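Everything below concerns the one structure shown next.
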Amino acid sequence: MATDTAADAAEGRRPRDDVWVAAEEGDMSEASAGRPLLFRTMKVKGSILHPYRFLILVRLVAIVAFFAWRVEHRNHDGMLLWATSMVADAWFGFSWLLNQLPKLNPIKRVPDLTALADRHGEAVLPRIDVFVTTVDPVDEPVMYTVNTILSILAADYPVDKYACYLSDEGGSLVHYEAMIQVAYFSALWVPFCRKHCIEPRSPENYFRMKTRPYVGGMAGEFMSDHRRVRREYGEFKVRIDSLPTTIRRRSDAYNKGDDGVHATWMADGTQWACTWIEQTDNHRRGQHAGIVKVMLDHPSCKPQLESLVSTNNPIDLSNIDTRFPMLVYISREKRPGYDNQKKAGAMNVMLRVSALLSNAPFVINFDCNHYINNSQALRAPMCFMLDPRDGQNTAFVQFPQRFDDVDPTDRYSNHNRVFFDGTMLSLNGLQGPTYLGISTMFRHVALYGMEPPHYRAKNIKLVGKAYELGNSDLVLELNTGWRNPRAVYHPGVGRRGAQQ
């Protein structure tokens with residue numbers, strides 16, 4: 001399903017009034033019966049679309065006439081070359097036709113977040129599991145990953161209604177300890193975003209902005225809070241960037257006392273169970289144990305309000321909810337000779353782990369170098385999933401990719417708008433867009449064929465061997481006593497990192 005969001009409006013990409021107009025809704029009885037529609041359908045203005053359709057028809061007639069001329073004037077001296085060129089031209093003509101037919105009726109759907117808030121309050125919004133995948137801390141810099149996680153943790157969605165899972169396919173200790181640092185820094189960054197309505201909520205991209213229009217309600221405290229948080233973020237970046245060196249020096253110090261052992265050591269003095277710096281059997285990429293670690297426990301159902309400035313919180317967080325979503329680090333077990341299915345396998349593992357911890361009816365996946373450029377990104381797809389018209393039959397809602405650091409004229413087409421704003425919106429006018437593998441919210445029942453079970457254990461504690469998830473040294477450790485009863489294509493939210 002293809003839609004438009006508030007992020008587009010913030011960046012000047014709102015549907016132009018002279019291009020998009022409201023489409024005729026097929027069923028307005030829901031709205032008249034007191035059930036507000038949660039999104040609006042937009043179509044291209046007829047004065048623009050009809051000439052385009054006529055132009056496509058003219059081109060189609062010209063192509064058919066060209067093929068007819070080629071058949072009548074075939075070269076008998078080079079039939080093989082003639083036949084080869086005809087097959088190639090026929091294929092290109094067919095692919096052109098397939099590409100043009102959907103564009104005859106492009107559709108854009110715009111969520112109505114106000115209607116969502118009126119009909120579905122904070123207490124009744126469904127739960128969401130957010131999946132983030134990463135592979136290598138060198139090819140995919142750790143700073144991209146931590147900014148993605150921080151933007152998710154600071155999203156404008158009920159804190160106890162969503163959880164974030166990071167799948168580390170490389171099994172690197174750098175990612176593990178980076179998540180520890182994220183859990184520490186989020187205690188300052190997330191309340192700061194809530195207090196001052198920060199956009200975007202990726203700290204790297206926010207602090208790099210030249211102009212930041214303030215939309216919060218505490219302008220008098222903003223500058224002092226901004227300086228303190230920026231200073232803390234600078235120290236946070238130094239700690240993240242120094243992790244590889246810190247881990248190597250620590251491991252070298254521990255390995256001096258162990259003859260012949262070149263292990264990678266954690267900060268608590270235990271050997272890392274996954275990939276070592278000096279790889280060896282059972283500790284190399286593609287051959288290591290699995291780990292599931294809860295970095296941030298699931299929050300309580302009641303808001304946790306701070307009252308005074310403390311050492312842990314150098315800014316005034318009076319009447320600011322300081323709860324955080326659950327954050328889980330996952331590195332699945334890998335063995336040689338078994339196809340791990342790459343990203344698809346990582347998604348399957350996160351689905352299984354999340355079934356034990358949160359088991360949300362909706363899941364959304366991101367790459368590690370994508371951040372949420374609008375804090376209401378998790379609310380927008382709910383306008384389609386919960387819409388009274390046909391929301392129950394919506395399998396997934398998809399966001400396009402947007403890019404940073406592109407020149408204003410986009411001379412090299414780095415935004416790829418022809419595909420995201422052309423082809424995908426065109427397919428949206430048919431059955432719907434194809435799944436691109438990223439930035440997509442799925443309905444749980446669309447993946448499993450059934451809704452998540454309503455029963456869950458009161459306490460979960462799986463330490464040691466947990467055969468349900470495979471033979472891993474450390475699978476899961478959760479002692480929170482948390483009890484939680486079971487109760488389309490979207491432009492402009494998922495954004496790739498800056499140095500892509």
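Indices start at 1 and increase along the chain as displayed.
Each Cβ is built from the backbone N, Cα and C atoms, and glycine gets one as well.
Features reported for this protein in TrEMBL:
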type	residues	note
TRANSMEM	52-69	transmembrane segment
BINDING	E140, K342	UDP-alpha-D-glucose binding site
BINDING	K343, D367	Mn(2+) binding site
Position of peak Cβ density within 10 Å, selected from the binding-site residues E140, D367: D367
Coarse DSSP state, helix versus strand versus coil, of E140 (UDP-alpha-D-glucose binding site): coil
Cα-to-Cα gap, K342 (UDP-alpha-D-glucose binding site) vs D367 (Mn(2+) binding site), nearest whole Å: 13
Listed in sequence order, residues with CB under 8 A of K343 (Mn(2+) binding site) and six or more positions away: T133, E169, G437
Chain residues outside the transmembrane segment (52-69) and at least six past its termini with a C-beta under 8 angstroms from it: 86, 89-90, 93, 96-97, 100, 103-104
Distance from D367 (Mn(2+) binding site) back to E140 (UDP-alpha-D-glucose binding site), taken between C-alpha atoms, in Å: 10
Local Cβ density at K342 (UDP-alpha-D-glucose binding site) - other Cβ atoms counted within 10 Å: 11
